[in-house]
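Not my notes, these are from Swiss-Prot:
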- 20-109: repeat 'Solcar 1' (REPEAT)
- 118-209: repeat 'Solcar 2' (REPEAT)
- 222-306: repeat 'Solcar 3' (REPEAT)
- 26-43: transmembrane segment (TRANSMEM)
- 89-106: transmembrane segment (TRANSMEM)
- 123-143: transmembrane segment (TRANSMEM)
- 186-203: transmembrane segment (TRANSMEM)
- 227-243: transmembrane segment (TRANSMEM)
- 281-300: transmembrane segment (TRANSMEM)
Amino acid sequence: MTGQGQSASGSSAWSTVFRHVRYENLIAGVSGGVLSNLALHPLDLVKIRFAVSDGLELRPKYNGILHCLTTIWKLDGLRGLYQGVTPNIWGAGLSWGLYFFFYNAIKSYKTEGRAERLEATEYLVSAAEAGAMTLCITNPLWVTKTRLMLQYDAVVNSPHRQYKGMFDTLVKIYKYEGVRGLYKGFVPGLFGTSHGALQFMAYELLKLKYNQHINRLPEAQLSTVEYISVAALSKIFAVAATYPYQVVRARLQDQHMFYSGVIDVITKTWRKEGVGGFYKGIAPNLIRVTPACCITFVVYENVSHFLLDLREKRK
């Protein structure tokens, strides 16, 4: 009886969660993720190149963001700046779509039947849960993106390049490295869910406090400028707190180096490069992710409000 009771209770909990699922959040998240990453992909390429620059001879040497961009442009043109764009678009669109999808469902589930709003820690946990669920699905796409971005020596036009596209990369990684290869960087990626959790917690609280400050309803829709400001502040806070894990993950996924695991990456990076090694690429990352976050959240908020309003009108 106890087992049956637990099973029924679990089933009831899941059915309650699914009642709060809204496809509008998925569509809005995908829209925001795709548009922002398509616009700013070259800066993501620069960030990855800097994150893995550990002195290995085969890697190109860059003196800064502009030098990196111009060097890639001279060697490979526009296609070079968009190496790895296909898995990045798939990964970003799917990640943001699923993230908002899971996050809003979890958040709605937790607030059902409650008069009071969620606490800061509840926003944090909800976002972390959504991030972990999303990463389980999207990690292979991030490995693929990193591998494609780290092909050097004018590889865009080279017949000898190791990977020829997203699906070719996925197949080759699975063939030669198995499922484990597709999930390289998964552990630091899980730590990375703290980034999204911190960002969403800050974003929710900033929106709430701002609306309270100007005497508006807590759920009132903000203007575009207000969304941009709140999104930028929450992103900068999250990046500053969690950037080192991105360096660790990128180095684990790099096909030119072999590390036995997360501890090995941390130890070697610390020994050779010190604290600065864990923050390589943070400048291009901030330049990229702050506007990308603003685009994503502005598109998401406006598309989701539009679609959810349509749902209400159809009732």
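Positions of Cβ are set from backbone N, Cα and C atoms, glycine also.
Keep in mind that this is a model prediction, so the values were computed, not measured.
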Taking only the residues in the repeat 'Solcar 3' (222-306), give me the average pLDDT of this model.
88
Answer yes if the transmembrane segment (26-43) and the transmembrane segment (281-300) have at least three CB pairs under 8 Å among residue pairs 6 or more apart in sequence, and no otherwise.
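Counting Cβ pairs under 8 Å (6 or more apart in sequence), the transmembrane segment (26-43) reaches the transmembrane segment (281-300), since there are 3 or more.
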Are there residues at least six beyond either end of the transmembrane segment (186-203) with Cβ under 8 Å to its Cβ atoms? List them, or say none.
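Here the qualifying positions are 99, 103, 120, 123-128, 130-132, 135, 139, 142, 230-231, 233-235, 237-239, 241-242, 245-246, 248-249, 252, 261-262, 293, 297.
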Excluding the flanking five residues on each side, which residues at least 6 beyond the ends of the transmembrane segment (227-243) place their CB within less than 8 Å of a CB in that stretch?
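Residues 191-192, 194-196, 198-200, 202-203, 206-207, 210, 278-279, 282, 285-286, 289-290, 293-294, 296-298, 301 contact the transmembrane segment (227-243) from elsewhere in the chain.
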Go ahead and report the DSSP secondary structure tallies for the repeat 'Solcar 3' (222-306): helix first, then strand, then coil.
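The repeat 'Solcar 3' (222-306) comes out at 72 helix, 0 strand, 13 coil.
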